[in-house]
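Engineer: Quick paste from TrEMBL:
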type     : residues : note
ACT_SITE : ASP160   : active site, charge relay system
ACT_SITE : HIS200   : active site, charge relay system
ACT_SITE : SER392   : active site, charge relay system
DOMAIN   : 153-428  : domain 'Peptidase S8/S53'
SIGNAL   : 1-29     : signal peptide
Amino acid sequence: MFLRSRTRLRRAATAAAIGLGLVVGTAGAATAAPASVSTQGPRSYLVITAPGDTAGAKSAVTANGGAVYASYDAIGVLVAHSSATGFAAKMRAVTGVQQVGATRTSDLPAEVNAPPIPAAPRQVAPTAAETNRADMTQIGADRAWQVTTGSPAVTVGILDTGVDDRHYDLRANFAAAKSASCAYGKLDTRPGSWRDIHQHGTHVAGTVAAAKNGRGAVGVAPGVRIASVRVAEQPSGLFFPENAICAFVFAGDQGFDVTNSSYYTDPWLFTCPTDADQAAIGEGVRRAAAYAEGKGVLNVAAAGNENYDLAAKTIDTTSPDDSTPVTRTVTNACLSLPAELPGVLAVSSITSSNVKSGFSNFGADKIALAAPGDRVHSTVPGGRYAELSGTSMASPHVAGVAALLASVEPTLTVAQLRARLGAQADDLACSDSRCTGTEAKNSFYGEGRVDALDAVRKGGR
């Protein structure tokens, strides 16, 4: 779910999270197993094998009453569909199969068999001059543009609800050839498949790279390219694990420089390794994100909007969000995906006063950087603009700065990009008693507020 407040469904929080721009997600990891659900229709499963060794598992899927819907052989992940009772248990007994897990607690939607292409909204051309965005001044982007607006050789992947590729402020920087849909867990490169089914992804895209053309809004890196990889599916609007796996693998194969993920993988707010289904989800998404990084992609993600200490997890009342949520105990072994994955830069939200936004998650050694996420003005479908709030709005600031840094220092590795962004960040002191750590690094802001000017001025040095 794109990150919204910790109420229930990121969809309910979609009005609030999208109306407020909150990124919602669902991860789950409970010591108690989720409520059992009878299999009345086809379900989706992840089948995990050793990378490159999926042939036997594919045959076993068919033999046990399933069908392979998508295959990510390089990371040893299959997406299988089955209505058969006991499918997961039977597959777990297959030689060479390491893990198997249901990706949702609900039946697959009918759309999985014929994914619809989102309609292209009617466009309205902006008449107002570019807004002087306070958030851009706050991170030094307006001064960074005097050095560079970014290179068109750099691509940022927007892994989200889709992007309005015809928006006045996005069309010049939009890379259609590198865009696709990963809804339902299978790559769909048909023209338009990447379009927004909400407004969340278009808003995120504008913060990264809305064009500097004198009208509307301008993004952090208005000279770079943006690609849309739609992760949210219709009709639920949820971000299931197989969709995220597809998106990260595609990002790696396309050679993106940076990705932004302003969501958590549904249906679990926190994904727990003590549950067999969730363990498979965690392993599959981890492998996919690592695959992208191995191909040179820096992954950036929103930390979440529950005002939750990610380093002191205790309870989850919102999962699973694709059926009936149950109250469950969670521990720190349960992770919010993809924000808590190794190598992913998790971003918290700050206000214009440089203090943690009331909704923003936090946690010692959980937050990498902080960025503005309150009342962010950016693009929404149809050539329009809106102010949204959330860590979903904060993380694209970091993705944009990473793109600027990659533009001035194109030979930097992912590890070097991460290190430079942290070293160049502006220290922020703890703002209340829940915050732990030092001014240089703490549980609210990580290594501090991202700094676009230092990124282009100091580059990789």
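Any Cβ shown, glycine's included, is placed from N, Cα and C.
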Engineer: Within 10 Å of its Cβ, which one of these active-site residues (ASP160, SER392) has the largest number of other Cβ atoms?
Structural biologist: SER392
Engineer: For HIS200 (active site, charge relay system), what is the tally of other C-beta atoms lying within 10 angstroms of its C-beta?
Structural biologist: 35
Engineer: Tell me whether HIS200 (active site, charge relay system) sits in a helix, a strand or coil according to DSSP.
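Structural biologist: Looking at the DSSP assignment, HIS200 (active site, charge relay system) belongs to a helix.
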Engineer: At the level of the C-alpha atoms, what whole-angstrom distance separates ASP160 (active site, charge relay system) and HIS200 (active site, charge relay system)?
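Structural biologist: Roughly 7 Å, rounded to the nearest whole number.
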Engineer: How big is the gap, in Å, between the Cα of SER392 (active site, charge relay system) and that of HIS200 (active site, charge relay system), rounded to a whole number?
Structural biologist: 8
